[in-house]
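*Asks:* Got these off TrEMBL a minute ago, pasting:
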MOD_RES   Lys207  N6-(pyridoxal phosphate)lysine
Amino acid sequence: MKDVTQDTILVHAGRDPRNNHGIINPPVYHCSTVLFPTLDALEEGDRNMLSSVHYGRMGTPTTFAFEEAAAELEGGYKSVNTGSGLTAIAIALSAFTKAGDHVLITDSVYSPTRRFARETLAPYGVEVEYYDPCIGAGISALLRPNTSVVFLESPGSLTFEVQDVPAIAAAAKKAGATVMIDNTWATPLFFRPFDHGVDVSIHAATKYMVGHADAMLGVVTCRDEATWTAVKKAATRFGICGGPDDLYLGLRGLRTLAVRMRQHQESALALADWLATRPEVTRVLHPARPDFPGHALWKRDFTGSSGLFSIVIDQVPRKALAAMLDGMELFGMGYSWGGFESLILPTRPAAVRSATRWTDPGQVLRLHAGLESADDLIRDLDAGFRRMAAAL
Ligand SMILES: *Cc1c(COP(=O)(O)O)cnc(C)c1O
C-alpha cells in the first residue's frame, strides 16, 4: 500500500480477503511437511528456501502474513518472526557476530539481553562492552575496527534513558558496525528506527503487538535485503519459528495496536502526572514528561509514548512496600507488559549496571498503564499509598 498512514496499514496489512473466500482474516496454517508435486518443484523449492513455503519451520502463509504486516508497519525491507522477544534479540546478535568481534551494548539494556551476551556471545569469543546510554556521538571513542554491532534500546529498560539514536547510528555506521535497536517500548508507531539510521529493529511482539498477554512472539525487521538475509539465515540455523496460533494472535493484535497505544499513552501520562504530585514519589521516570532528563531527545525523535514508565519512592521497610503491593486491586504484579491490564513491579536498576551506576537510593517501581479507566487506576494507587503509610 502506498501513501497510507500506519493506522491504515495496521488494519489492512498481511491479509487478502479476495484470495481467501472473502474471509477477512487469514487462516492459521498448522504445518511441518510441505509436499512438492514434482522433482522440479522440489529442487526449485530448495533454491528458494528462505522465502517460500518449503518446510513448516521455515515459514507458512501465517508466518509470512505476520512478517509482512510487521515490515510494512515499520517501513523495513522484510521481517523475521521468532517465538519470543528474547529469541529475536539472540538471533539478531548472532547474525552479525563471530569470534574476535567486539560488540557495544547500552547499559540500560533489558537484563536477559545482557545475560545472552555474557553467557553465549562471550564464551563464543565475542568481546562485549557496555556503554552509557546517554553517550550520544561520544560512542566514537569506543568503536574499534572489529566492532561488529552497536546495540541500542531506547528508552532503556527500567529507567527509560532516551538515546541519541541518530548520533550513535551515524558514528557506528562510519565505523562499519551494524546498528540494532530494541524498539519494543515505542512500537513502530512511536519510533521509526529506519528514519534514524538503524539497520535492524527488534520487537518483543509479546508486549504491545500481541497486546493481550496471551502469546509469546518476537520479530526482527531489517532495513535492506542483505541485512534480512543474514537474520533469516541465523533464524534458519537455530531452527527458530513462532507457533501458528501465536502468529495469528500477533496479527490480530496489530489490527487494534493504534487505538490501544493511544489509550496506553493517555492513561500513563495521567498516572504519571498524578504520581508527580504525591509526597511519596521522589522522581517520575517518563520520557514524555518535561522534567525527565531525556525529554528533549524524546520530543525530537518520537511521536508518542507508551504505557510503561517508572517512579522512584522513598525507601520504606519491606512490610510497608508489601502492604501497598499485596493489596492492589487493579494493578497486577508480574513480568512482561503491553497487555490490556495494568501492572506494578518493584525493580532494582543498580543491580544490572556495569558501565554506569544507578545511585538513586529510592525504591524503583515500574508501572504499566493498562486499558482500565485512569481514574480507577489512580484510586487503586492512592489506596496503596495509604496502606503503605499505615504499615510504617
Ligand atoms: C519483554 C522484553 C523483551 C523480551 O520479550 P519476550 O517475548 O518476553 O522474550 C525484550 N526486550 C524488551 C525491552 C522487553 O521488555
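Cβ coordinates come from backbone N, Cα and C, glycine included.
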*Asks:* Helix, strand or coil: which one is Lys207 (N6-(pyridoxal phosphate)lysine) in, per DSSP?
*Replies:* coil
*Asks:* Long-range neighbours only, meaning 6 or more apart in sequence with Cβ under 8 Å: which ones does the residue listed as 'N6-(pyridoxal phosphate)lysine' have?
*Replies:* Gly85, Thr184, Ser336, Trp337, Gly338, Gly339
